[in-house]
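The active site, charge relay system feature in Swiss-Prot is assigned to SER152; the stated evidence is similarity to another entry. Feature annotation from Swiss-Prot assigns active site, proton donor to GLU648; the stated evidence is similarity to another entry. Under the heading compositional bias 'Gly residues', Swiss-Prot lists 304-314. Residues or ranges marked as domain 'GH11' in Swiss-Prot (evidence: sequence analysis): 461-661. The N-linked glycosylation site annotation in Swiss-Prot covers ASN238, ASN339, ASN445, ASN483. Feature annotation from Swiss-Prot assigns region 'Acetylxylan esterase' to 54-279. Positions annotated as region 'Disordered' by Swiss-Prot: 285-328.
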Amino acid sequence: MRLGVALSTIAVLLTATSARNLDKRQWGWPNFGGGNGGNGGNGGKTINDYKREQGAGRDIHVYAPSNLAPNSPLLLSLHGMDQDPNYQQSNTHWETLADSEGFVVVYPRGGTGMSTWDIQGTKDTQWVSQIIDQMKKEYNIDTKRVYLSGFSMGGMFTYHAMSQIANKIAAFAPCSGPNVFGASKAQRPVPIFHVHGTNDDVLNYQQVEGFLKNYRDQFHCPSQADTKTNYPNRENPNATLYTWGPCDKGVYIKHLKLQGRGHSPSSADIQDIWDFVSQWTVDGPVSASGNGGGNTTPTNPSTGGNGNGNGGGNTTPTNPSTGGNGNGNGGSTDKCSSNITKQGYKCCASNCEVVYTDSDGDWGVENDQWCGCGNRVTVGSGTCSAKILQQGYKCCPSGCIIYYTDEDGTWGVNGEEWCGCGSGSSSTGGGNDAPSSGSGYQGANGTNFCNNAKHSGESVTVTSNKVGDINGIGYELWADSGNNSATFYDDGSFSCSFQRAKDYLCRSGLSFDSTKTHKQIGHIYAEFKLVKQNIQNVDYSYVGIYGWTRNPLVEFYVVDNWLSQWRPGDWVGNKKHGDFTIGGAQYTVYENTRYGPSIDGDTNFKQYFSIRQQPRDCGTIDITAHFEQWEKLGMTMGKMHEAKVLGEAGSNNGGTSGTADFPFAKVYVKN
């Protein structure tokens, strides 16, 4: 009998004293606390705020925020053995996050045996799949952003679901419940966030490493974890977060170790879980897949929209309490009138400007107010398409600029067009965000390189690793394997071709003599246009600016795009400084110390990264602005050795192939 097999297997796993019976206490019966994390009831709604439904034959408790947007995510939270949805809800309170983050929560009821889960067969995976379909019909959820988290036996089922319905679940967060079948194979590499307490006397903590290793091996994750001690879990100051990745398909496995926690669900973990799972869709990271809030940008990039929508789906300012993110651009602070506040709009934070009024001066687009806290603009004409007018939007008056971003840098605001009729534009230099497909973006010399980029001048084709120079333009091709080549032109443009390379890079730009700092050289900018062709099997990638300094020895990256399907993440550096507005766009800054090959041989050196939050294929990079931001953070720059436009791609398995063409690439200095 299937249930008997499953329960006997579970009994073996419990602890060194697992000969004891599977009583209710061991499985988190409501009176069982275990450790210091059991109550979880820090406010929030009660089960009476939920809608109780019959979900494909068994009841489910559903919570949906009153202002739920279309294409919002779904999270399913599963109780432990011999428990019920009421107990799971009263300990986790997922609805408190659902209100602020905008997603649907479902608490299903277990139905196999003693309110347990079928962790070996298909009965309950089919039922969960039917619940997802039901939520699509009732709430129009985004079926690519469905997340599964379960406690105890619900956690065991969460692992089991990886082998059955990974095509319907984007990310998995088991809590205090390992996979009882150990090496059960997942249908695909999936993101995993496992939470477990060290004082768990039901499912012993010492078993966790072995269970997680099965999946790390399956997904070909790095053997060593990035370890963060004193991780700030809400209830546990002594938590430790372990991160393995990137693994196959760019996924990560994370484990939150809670010192002293027993065998209990807790609301203290839900923010950590949500922050992880919400980064993913079934197709990969949210930022790479384009799924995410249902934003619809105007369809004609040249006449009123960029067409680069990232699916961020933000409909409120980054900081709802102040209306701004604090990264002010130094502009004037617009005062809020009572007419604005009584309508429920937020005032701008200090040092932020109101730039997102429409052309007739109303706040937002007839409804919303937005604050601009980074002077992030897109240079383009104010012409209007019929498509824009049909949606009821205003055209920008003559002399105004279209602003396509909200304050946190995401493209579009639910498809709305914005006009900036004040400050904020310049057609030269850095700080302007050019649209990837171009709407007349002008480079430093007045060239419309986003639309008209093409290679010109003398060229040299390289088919093996080489550092060289062509009429004053420095270049390099390097690869560790495969059949690779690159063509470099003396106008700075270049084209990179790689076949079956484990790691490949090519770059072109300025070389220096390591005698002057960037301040002594002058203000450094770069302009680039990227065209991707037939890119395959890329696990990690950087497109942007690359270079070195000496004294101190620093390898630096400004990453504006990537050839992989996902944005470079926390794995690039062991110190994350945070998110900053640099040159008019949002970047995440990392710092790292490593030993390895460098321009001075194998030695210790620093690595600095700025990773753009939204990729672009064309634009101007204010390199000096990144140097200055790094220095504010205590990241010392040395004497400049080089600054070049970079295309780099790598694969953890099988090699990567494709072409990254840069028909326009230029690094230059303005004094």
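Quick reminder: no glycine exception, Cβ is built from N, Cα and C everywhere.
What Swiss-Prot annotates, mapped onto the structure for a quick look.
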{"residue": "SER152", "record": "active site, charge relay system", "DSSP class": "coil"}
{"residue": "ASN238", "record": "N-linked glycosylation site", "DSSP class": "coil"}
{"residue": "ASN483", "record": "N-linked glycosylation site", "DSSP class": "strand"}
{"residue": "GLU648", "record": "active site, proton donor", "DSSP class": "strand"}
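Separation of the C-alpha atoms of GLU648 (active site, proton donor) and SER152 (active site, charge relay system): 43 Å, rounded to the nearest whole number. ASN238 (N-linked glycosylation site) sits 49 Å from ASN483 (N-linked glycosylation site), taking the Cα positions as reference. Neighbour counts were taken as the number of other C-beta atoms within 10 angstroms of each residue's C-beta; across the recorded positions SER152, ASN483, the minimum falls on ASN483. Rounded to the nearest whole angstrom, the C-alpha distance between the residue listed as 'active site, charge relay system' and ASN483 (N-linked glycosylation site) is 50.
Cβ-based neighbour count (10 Å, all protein chains) for ASN238 (N-linked glycosylation site) stands at 14.
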